[in-house]
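For reference, TrEMBL has these:
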DOMAIN    24-507  domain 'Major facilitator superfamily (MFS) profile'
TRANSMEM  20-49  transmembrane segment
TRANSMEM  69-88  transmembrane segment
TRANSMEM  100-119  transmembrane segment
TRANSMEM  163-190  transmembrane segment
TRANSMEM  213-232  transmembrane segment
TRANSMEM  350-371  transmembrane segment
TRANSMEM  378-396  transmembrane segment
TRANSMEM  408-429  transmembrane segment
TRANSMEM  441-464  transmembrane segment
TRANSMEM  484-502  transmembrane segment
Amino acid sequence: MAGGQLKVLTTLDQAKTQWYHFMAIVIAGMGFFTDAYDLFCISLVSKLLGRLYYTEPNSPTPGSLPPNVSAAVNGVALCGTLAGQLFFGWLGDKLGRKSVYGFTLVLMVVCSVASGLSFGHTAKGVVSTLCFFRFWLGFGIGGDYPLSATIMSEYANKRTRGAFIAAVFAMQGFGILFGAIVALVVSAGFRNSYPAPSYQDNPGASLIPEADYVWRIILMFGTIPAALTYYWRMKMPETARYTALIARNAKQAAADMSKVLNTEIEEDKEQAELATARVGANEWGLFSPQFMRRHGLHLVGTTTTWFLLDIAFYSQNLFQKDIFSKVGWIPPAKTMNAIEEVFRIARAQALIALCGTIPGYWFTVAFIDIVGRFAIQLMGFFMMTVFILGLAVPYHHWTTAGHHTGFVVMYGFTFFFANFGPNSTTFIVPAEIFPARLRSTCHGISAAAGKAGAIIGAFGFLYAAQDPHKPEAGYSPGIGIRNALFVLAGTNFLGMLMTLLVPESKGLSLEEISKETVEDEESA
């Protein structure tokens, strides 16, 4: 017992990196692999859905999703995710992290498969069932955010805790890449098996009936890796911090961690009672004056930074296919058949994931426990602002022939610094700085604020980026992509300012950061 700390928690904080840490990263990370696959694969197939269900006979251009349908298909999973983050975040503190961890995975797997099986042959039937199942898919994904982050932070040692939580989150990058690879393989297979002319050569023949299988296979395939980890999720013991500090059973916590760490941990009964009594003296709730005094500004910092980041991050991710088309990196839709368009979009997203997204995540894993959370988040927001301005100011230069590659390189750097920056740190910090009994709830609130930003990004960017003079069919004139990029640069700059409210948590135990074992002045 060091400084009033339970022996089991001190042992966890000082434990060397070992096999169970990597097992926890893989088990929790596979959930995030599926999360990213399911959230972002819709952008790979939304153009195909438009061709399949909204192509008008004799139209000079292929069909596209109407504005309200596009917003619903792209945004409904984010709405479900927001609700799931709040609900499962709260439930994780009430029932335990492990108790609801398996349920979120089952919900993701079932709804992901059901999304691909969306029934009906009419546009209304297919889109309605797709949106229904994607909402509940998002609800399960939402639960994975607070639970995975909290479980990993409570399992990790204090020296490498940031890297472990970042590694769980970094599986998102592989999920995005895997989605693009699956789309490439499936579209290439169908393209070779069922050759078709471009839309401008033969509108009817450019859309083969078998194309309806393509989007369904892509939506369902990401469930396989996550389903394989279900058994291991259920085998994980409850975290020691929940068992000892919330359930008040230090003896059980010591027994659980003895098995995990392969070392004998014996908790002194008298000392354990003293430590849990000290925590019990601080049983104020989320809406209490004590919480506001200790953590109010921290919660404002974690919610606003995540909110501002996701406006930019999701608008760029979900609509990069539209941006690539505008700058000419993907040819005009009418010059391709339906399957070829899926292949081209997937190839572009795979290159961005490989060159910008994945390296950014793993730079965070490598440096977060050296540089610290605060510095990485501040630097990331700053660099995102710089690179988005680098796209926006000379936008007309980037859209002229011969300069498209430069645009994509700059665009890739914004993803690199999002992931080697606030996209990772906004996930990590809320899992560290709040007390155990409110940790999952506060992470869920912070993450839900992020998804509110993502919804604004997904719905808002779709309309805002429309050409003010020649909007797409069904859309009102917007401010154009150039001005929309200026808005995104502004949100990133605001995120940099709000980062000043977020404390540094590098190298400290969770109890030291949250001051959980320090009695409040009123109860002292």
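Keep in mind that glycine also has a Cβ here, set from the backbone N, Cα and C atoms.
Note: TrEMBL annotation is automatic and uncurated.
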- Intrachain neighbours beyond the transmembrane segment (441-464), with Cβ under 8 angstroms and 6 or more residues off its ends: 67, 70-71, 74-75, 78-79, 81-83, 85-90, 92-93, 142, 145-146, 149-150, 286, 295, 299, 302-304, 306-316, 318-319, 426-427, 430-431, 434, 475-476, 478-479, 483-484, 487
- Message: If we skip the immediate neighbours and take only residues 6+ beyond the ends of the transmembrane segment (484-502), which ones have a Cβ under 8 Å from one of its Cβ atoms?
- Response: 297-298, 300-302, 304-305, 308-309, 311-312, 315-316, 373-374, 377-378, 381-382, 384-385, 388-389, 391-392, 395, 422, 429, 461, 464-465, 478
- Task: Summarise the model's confidence over the domain 'Major facilitator superfamily (MFS) profile' (24-507) as a mean pLDDT value.
- Result: 87
- Message: Restricting to CB pairs under 8 Å, which listed stretch, 100-119, 213-232, 378-396, is in contact most with the transmembrane segment (20-49)?
- Response: 213-232
- Segment-segment contact (the transmembrane segment (213-232); the transmembrane segment (408-429)) at 3 or more Cβ pairs under 8 Å: no
- Are there three or more C-beta pairs under 8 angstroms joining the transmembrane segment (163-190) and the transmembrane segment (378-396), sequence spacing 6 or more? no
- Query: Most CB pairs under 8 Å with the transmembrane segment (163-190): which of 69-88, 100-119, 408-429?
  - Reply: 408-429
- Note on the structure: Spatial neighbours of the transmembrane segment (100-119) not adjacent in sequence (6+ beyond its ends, CB under 8 Å) are 31, 34-35, 38, 84, 88, 91-92, 125-127, 129-130, 133-134, 136-137, 139-141, 143-144, 147, 151, 215-220, 222-223, 226-227, 229-230, 233-234, 236
